[in-house]
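Working notes, beginning with the structure itself.
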Amino acid sequence: MLRAASSLFRFRVAGMVALSCVFGYLLAAGAAGPDMVTSAAGTFLLTCACSVFNQIQEKDLDARMPRTRNRPVASGRLPTTAARAVGMAALLPALILLHAAGGVRLVLLSAAVLALYNGVYTPMKKYTAFSLLAGAVPGALPPVFGWLAAGGNLYSPEIALLFIVYYLWQVPHFWLRAERDRQSYLAAGLPLPSVELPHRYHALLRLWYASYMVALLLLPVFPFIAETAVRIAVCLAGITGLAASGYLLASPVRGFHAVNVSMLFVMLLLVVDRLVTSGIIT
């Protein structure tokens, strides 16, 4: 039962998305608060709901991929009607929690996430690998959820840069994962960037990866970071990532882990810096 629920809701992904919300909250507030838990819980449930609706939309596609064929909807263990009810059961409390944490703005952003992820990205994914350009927008919004729940300004340059970092990170993350799982994607008939653009794929991948690393290097320029040691560490992460790009991107598995570790490392550095600045860590 728990395994089926985990597969349906994709708890691991939802947990990482909720942590991104916590990250945005801590950057804005500098300390934990009740709205941090409320917004993270709402973001977690919203991600679960999107996952359920996605699996309803892609049940035939999931059934053709070894990685996803045993999901409850794709395998037929959970009827579509029941899955839709489960998705709504996750969505409604998500909207209530997010409204409590950040008001109407978070509810509207939640609607944007659903519209872009389930309404645009999921249908487009069958036809073009560049659907990710739309799908990366909702993927970059969780830190914004936390930022707004903490009372941060939606139009501040800091959260705009953070959104850009998350957006740029997702393209190499998902393209490298697709290349890692190449045979499964081809078996399901999903378009791959390396197949759609065989002569330009590697150049585009390097461009997106380099753009992400440059965005990391811009973080110390903005008032995100107070501690000199943290500024240096973030700069070193970006410079190292750029210098080692040829080696890292030569292997989809190696590149996939590199972009993920770099994002996690920088997130942790920024949180530690903010907690030190707030006096919570001395």
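Using the three backbone atoms N, Cα and C, a Cβ is placed for every residue, glycine included.
Features reported for this protein in Swiss-Prot:
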type     : residues : note
TRANSMEM : 13-33    : transmembrane segment
TRANSMEM : 36-56    : transmembrane segment
TRANSMEM : 74-96    : transmembrane segment
TRANSMEM : 101-120  : transmembrane segment
TRANSMEM : 129-149  : transmembrane segment
TRANSMEM : 156-176  : transmembrane segment
TRANSMEM : 207-227  : transmembrane segment
TRANSMEM : 232-252  : transmembrane segment
TRANSMEM : 261-281  : transmembrane segment
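Residues 20, 23, 26-27, 30-31, 165, 169, 213, 216, 219, 224-227, 230, 233-234, 237, 241 of the same chain, all 6+ positions outside the transmembrane segment (261-281), place their C-beta atoms under 8 angstroms from a C-beta of that stretch. Ranked by the number of CB pairs under 8 Å to the transmembrane segment (13-33), the listed stretches 74-96, 101-120, 129-149, 156-176, 207-227 are led by 129-149. Counting same-chain residues at least six beyond the ends of the transmembrane segment (207-227), those with a Cβ under 8 angstroms from any Cβ of the stretch are 27, 157-158, 161-162, 164-165, 168-169, 171-172, 175, 234-235, 237-239, 241-242, 245, 249, 255, 259, 262, 266, 269-270, 273-274, 276-277.
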